[in-house]
């Protein structure tokens, strides 16, 4: 029920409230002759409160009564915030039936509040306490954009917490520059009242809210700001729903709806913190790039190889995924090379050569002396036509000389692995050298080109390698249905960003102790590295979309159909891979799992990358061979 009262706080027709006793007939006649503000206290008038000097004592008494009544609702609890175990009937009554006056008219405002609370009278306090117990200035209306407007079950409130000598006071919808503090217990929810016609709305249930810390206002500031508490958990759910709705609009080519939704994503993402905000921002940008293709040329959306390689260095330093990939693949190669005096590794993605120093050191420690080590590194052409592969080879040659390993290197530039032919790799007969082929995050790129993956698998078979190691992302980002691909990638990269945040940017140092080797810059660049993948998965199509990740089950079917048999990675690799994770801060969240002879690294319950090993036409188990020591540390993986 809502009762109508004028803003001025005069006598209402319903008789619920009356003028203060201090307003005599002589006072009314005087008001006819003097300006409306005559007799008002000047100090309080500058703060927006209308209090006559003659009413100071009366107002102070009513403030004390109101404070006592509010404390009674809270169980007399000594200044705590919220209705802590109080009378729910009183709360409901205040929420549904209270008539709100303009609090600038202090006397009438206090009368209305005391009438609702039925507070017992108190002895009159001193007038000196009046200024420190004032209610807030008049409320201002808060306008929220539609993206931040709550759903039916959510609560968006405006709360002001002022401090006085008696404790905390709670008011409804009052603008303030005060800094919000941590709120124990439950919060008193108010409405957005800008006049006497508005009522407070009782929330259906208490919900967690994000506390926004604002700098304290200076005493000379004349402006004030409302503080809005938004249910961050519910906003996060709405953010995910908005992302999915935008993806569906894109798939249906409803660009008008997609345009409206993608604009909401950035606003909703701003209300989040940590990994959620970062992931949502990258996916929102990716959707925007897909929607506004005319603004973003295709060459800007496709991945720059040189830039991606530089970012991958930061990814390597920040989190254990690449280290795990290199370590498990090297362990399988080392076991396959047991007893061979001449070995040859063909790396499908040479990049900076970070994988091979650890293998070279393990070979140098092999009983009976190191074998002759031959390395063929394959990489794409550089934009500046520089010979980056040759520079990597020089550094590796210097390391080989230091550890007394006979070393031969060849860099091979190819725009695509599908352009390779077996004769180009100069593989020697099997009785002369043992061959291993290594692919880390490379095979999925071939799926963008029809027939390319089959061509490469046939080339590898022609090389007759002793072992073929494959590391790929454990995700299906190659679905022809855009919404399915979007949904899968959203969950995958959300987990990846969570793990990076949990890792804390601390990696293993050369001495085996924890050190901030991956600083905040490494973490930021790692996020950019993953963001580039998100852009490619979401915004690109056709040959430009090269991040076509598939799951282990899909790779098993493909490799099995091509005539490959799995090689079970041994328990030795599993144990040492688990030890690797102990070198990372937040390593408790990482999990190593064995899946039919393959090793998976994930964050909590979600696998993220998988290492598998393959042979041509036969199956063996590396557990049948004696464990080979020497490959125990990946920290020296830089030339």
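Glycine is no exception: its Cβ is also placed from the backbone N, Cα and C atoms.
Annotated region 'Disordered' per TrEMBL: 1-38 (among others), in sequence order.
TrEMBL lists 120-146 (among others) with the feature region 'Disordered'.
Taken from TrEMBL, the feature region 'Disordered' applies to 189-227 (among others).
Positions annotated as region 'VHIID' by TrEMBL: 312-377.
Long-range Cβ contacts of the region 'Leucine repeat II (LRII)' (391-423) within its own chain (Cβ-Cβ under 8 Å, at least 6 residues beyond either end) map to 348, 350-353, 356-357, 360-361, 363-364, 370-381, 442, 445-446, 449, 451-452, 455-456, 459, 462-463, 639. According to TrEMBL, the feature region 'Leucine repeat II (LRII)' maps to 391-423.
The region 'Disordered' annotation in TrEMBL covers 614-639 (among others).
Non-local neighbours of the motif 'VHIID' (343-347) in the same chain are 333, 337, 355-356, 359, 363, 371-378, 425, 427-428, 433-438, 463, 465; each lies 6+ residues outside the stretch with a CB under 8 Å from one of its CB atoms. Residues annotated as motif 'VHIID' in TrEMBL: 343-347.
Residues annotated as motif 'LXXLL motif' in TrEMBL: 443-447. Proximity of distant same-chain residues to the motif 'LXXLL motif' (443-447), defined by a Cβ-Cβ separation under 8 Å and at least 6 residues beyond the stretch ends, is recorded for 348, 416-418, 453, 456, 470, 472-473, 478, 546-550, 555.
For the motif 'LXXLL motif' (443-447), the DSSP counts in helix, strand and coil order read 5 helix, 0 strand, 0 coil.
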